[in-house]
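K.L.:
Summarising the annotation, Swiss-Prot assigns topological domain 'Extracellular' to 27-184, 236-277, 338-356, 424-435. The region 'Disordered' annotation in Swiss-Prot covers 66-100. Taken from Swiss-Prot, the feature transmembrane segment applies to 185-208, 216-235, 278-301, 316-337, 357-377, 405-423, 436-458. Per Swiss-Prot, the feature topological domain 'Cytoplasmic' maps to 209-215, 302-315, 378-404, 459-585. Annotation source Swiss-Prot lists phosphothreonine at 543.
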């Protein structure tokens, strides 16, 4: 079995869930603030009061026969209708018996809209879904006495209601809080580590001119998109969580929820939500640009492999516009639609189908990048089979293919597709916890992995750092010896007994000499320096040594110094393609 047979199987295994789950959510980050919770409560109150007005205006005989407001007794087996959330008795039960006497009138208790209550029965209503932290599988209960009045709490002038099933998440939240605290710690540490490592990587690639080429420019854009994504997440969290949010709401009791709901709806000022809306907008934009620069990396590598003639400088501008400009278009469309049709809160909650304006382009980039990844892995497997034809060691082929695949996975964001087919479920579910831990871990540390693989582990980067370190240590050693006035000075590990005063301006002072390049041979008692000529001339003739970059398995393999120079059309793609093969082989 050849190594090339792995690619079709891998494509069949992974493409099916990707293509069949384009409806899945991407980086759902709904944050419920206290102000938004109050808004939802008041909206539910307005809807309830409208319905109450319609019902109370009907004649008494219509009210008593209206099953839409009738509630079932606890003695019968209830049947819940999901559309309306009301309970009806099973067929065969005497529905007329529960209307004997005066029914309890429907009302709004600042939490729930209660229907007509049958005298002497307990009314059960599903916990409202507009209370974010309620247990939406539970029920709230009220009792209607035989006089047609809602039962009061003994010794208190208020209506009795049992919300214990609804508030169980509020009173028994230790496990859930531990999960959220752990997830918050994971992504905070991950994005912090990624931000620090990516900052160093960008500074390295920008500082060394020999590393300036199209490939590294694209890497720098990708690194910058990861950095801006991390910063935008920190800013968004600081803005949204600066006031009273769910941390406070989770500790609220039923009475405190009532007090919040009874408060008048605060006036919505145009400037009250500007800060959080700007933070959410920039977060969504930088999130989208990060996905699209990952796609740009895939398109660039795919173009080098499959395009015979590829102008890097020309396509660099196109990639730049694609990576930064295209996300700005659909994010601007989303902002316009949200401001026009759903201008409520901080825009952090998904407003129906409007979320697809941003999520569909992101999902498309993930699917397209995964297809490019599968195609490149297929070509790698084919090349491995051709180069190792006639050899019996298939395990080495598999190891090379696995290594190449693992190197490409962070660059192509392959981990995004693992849970694409899995919808978000209950917080207490095991699958949800596994999914969130996986996503928080890999999404936050992806920038760190990319910086390690494509910068710090790159041979050319390491060579440039070693050269710079050698220059700095050599210059420092000369300065130290010059200040001390010693009769000896060192070139790296070797010591010359020539007086410092005999070192002229042409003796190579401060040249980028690497200690490992200095041979131990001596001439006339002096060490033989690189490019040193025998003294037919009175002064040493030295030239800066050229340090060859070691062969590297990283994506940055090969010197950038010759990549952007003019070359003939047939020669240029072959050189680039060979470098990319050495990247992943």
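Cβ atoms are placed via backbone N, Cα and C, with glycine included.
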K.L.:
Name the range, of those listed as 185-208, 278-301, 436-458, that has the largest tally of Cβ pairs under 8 Å with the transmembrane segment (316-337).
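P.N.:
Checked against 185-208, 278-301, 436-458; highest Cβ contact count belongs to 278-301.
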K.L.:
Any contact between the transmembrane segment (357-377) and the transmembrane segment (278-301), i.e. 3 or more CB pairs below 8 Å with pairs at least 6 residues apart?
P.N.:
yes
K.L.:
Please spell out the DSSP helix, strand and coil residue counts for the topological domain 'Cytoplasmic' (209-215).
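P.N.:
Split into helix, strand and coil, the topological domain 'Cytoplasmic' (209-215) gives 5 helix, 0 strand, 2 coil.
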K.L.:
Please compute the mean pLDDT of the model over the topological domain 'Cytoplasmic' (209-215).
P.N.:
88
